[in-house]
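Participant: Shown below is the structure under consideration.
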């Protein structure tokens with residue numbers, strides 16, 4: 001296990017992604033370095049009211065402490081009483097154009113140590129796409145990039161992590177997926193550190209190729225008030241998932257993380273409506289019938 005090596009990679013990944021996104025948007029991200037009083041800190045890179053991105057954040061954090069919050073030890077009682085160290089890059093991008101999908105990507109490393117005992121460590125991460133108006137070619141492209149990221153580690157990873165993503169990014173109280181998925185993994189520590197690190201690194205390294213071509217293709221499509229209205233309504237689902245179900249959000253808030261950085265994933269303009277559903281056969285209804293289905297996208301390619 002080499003924590004310093006992972007941290008160096010994550011800092012570099014954040015810089016590469018922010019630079020790539022600045023080239024697409026034409027506006028700069030605000031870089032905000034912060035310290036965590038209990039140990040650690042990070043850098044939040046945020047764009048608001050950009051040319052393409054209405055709001056977006058690319059966050060690096062490295063936190064450590066003497067004990068873990070309840071959200072971490074509930075599922076893993078063996079971690080109770082151990083010191084911890086965690087580092088990760090997490091991003092969410094909300095484009096202004098409703099035809100351009102929201103995207104989330106995260107790669108992280110966690111280690112818990114205790115004197116006289118072997119360290120407990122694991123990697124986690126993934127990326128997933130949340131369209132408002134879906135395009136099959138975008139879904140295929142995104143899932144192919146996810147598969148390409150995992151292919152060097154073995155054929156078995158993509159189907160496993162794709163299924164995991166569909167199950168994780170699911171709003172149980174709505175009985176619907178958050179988006180069209182991608183890949184998701186957690187607790188990855190087999191067969192060894194180097195293999196797990198390589199896999200996680202490949203996911204991070206494939207992000208720009210997975211998302212930027214879609215953003216470029218959709219950023220200038222004409223839209224009106226109707227599309228913006230539906231986008232704001234569907235963004236409500238994003239808020240619901242992040243605040244009710246997302247383990248990373250809960251861990252961050254319970255472990256004394258930086259609230260501004262944790263909640264930068266939330267969209268800037270959102271609407272809720274009582275008991276609303278789109279008209280049958282409408283472009284808005286197509287999102288539900290054709291895209292929010294947990295289907296396998298790659299045979300289409």
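Just so you know, glycine gets a Cβ as well, placed from its N, Cα and C.
Model, not experiment: these values are computed from the prediction.
Below are the features I grabbed from Swiss-Prot:
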- 104: active site, proton donor (ACT_SITE)
- 90, 106, 107, 108, 256, 257, 258: substrate binding site (BINDING)
- 94, 104, 143, 173: divalent metal cation binding site (BINDING)
- 238-273: region 'Important for dimerization' (REGION)
- 173: site 'Important for dimerization' (SITE)
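Describe the structural context of these features.
Facilitator: In this structure, residue 104 (active site, proton donor) is part of a beta strand by DSSP.
A 10 Å cutoff on Cβ-Cβ distances gives residue 258 (substrate binding site) a total of 21 other Cβ atoms nearby, all chains included.
The C-beta environment of residue 104 (active site, proton donor), restricted to residues of the same chain at least 6 apart in sequence and closer than 8 Å, consists of 90, 91, 92, 127, 128, 130, 265.
With a cut-off of 8 Å between Cβ atoms, the residues of this chain six or more beyond the region 'Important for dimerization' (238-273) that come close are 32, 34, 36-38, 42, 44, 46, 48, 54-55, 57, 59, 61, 63, 65, 68-72, 90, 92, 94, 102, 104, 106, 108, 130, 169, 171-174, 178, 229, 232.
Of all Cβ atoms in the protein chains displayed, 9 besides its own lie within 10 Å of the Cβ of residue 173 (divalent metal cation binding site).
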Participant: Can you tell me the CA-to-CA distance separating residue 173 (divalent metal cation binding site) and residue 106 (substrate binding site), as a whole number of Å?
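Facilitator: Cα of residue 173 (divalent metal cation binding site) to Cα of residue 106 (substrate binding site) measures 24 Å after rounding.
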Participant: Can you check which residues sit near residue 106 (substrate binding site), meaning Cβ under 8 Å from its Cβ, same chain, 6 or more apart in sequence, and list them in order?
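Facilitator: Once residues fewer than 6 apart are set aside, residue 106 (substrate binding site) is near 88, 89, 90, 91, 124, 125, 126, 127, 248.
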Participant: Let me know the DSSP-derived helix, strand or coil state of residue 90 (substrate binding site), please.
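Facilitator: Where residue 90 (substrate binding site) sits, the three-state DSSP reduction gives strand.
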Participant: Let me check the 10 A CB neighbour count of residue 256 (substrate binding site). How many other CB atoms are there?
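Facilitator: Other Cβ atoms within 10 Å of residue 256 (substrate binding site): 15.
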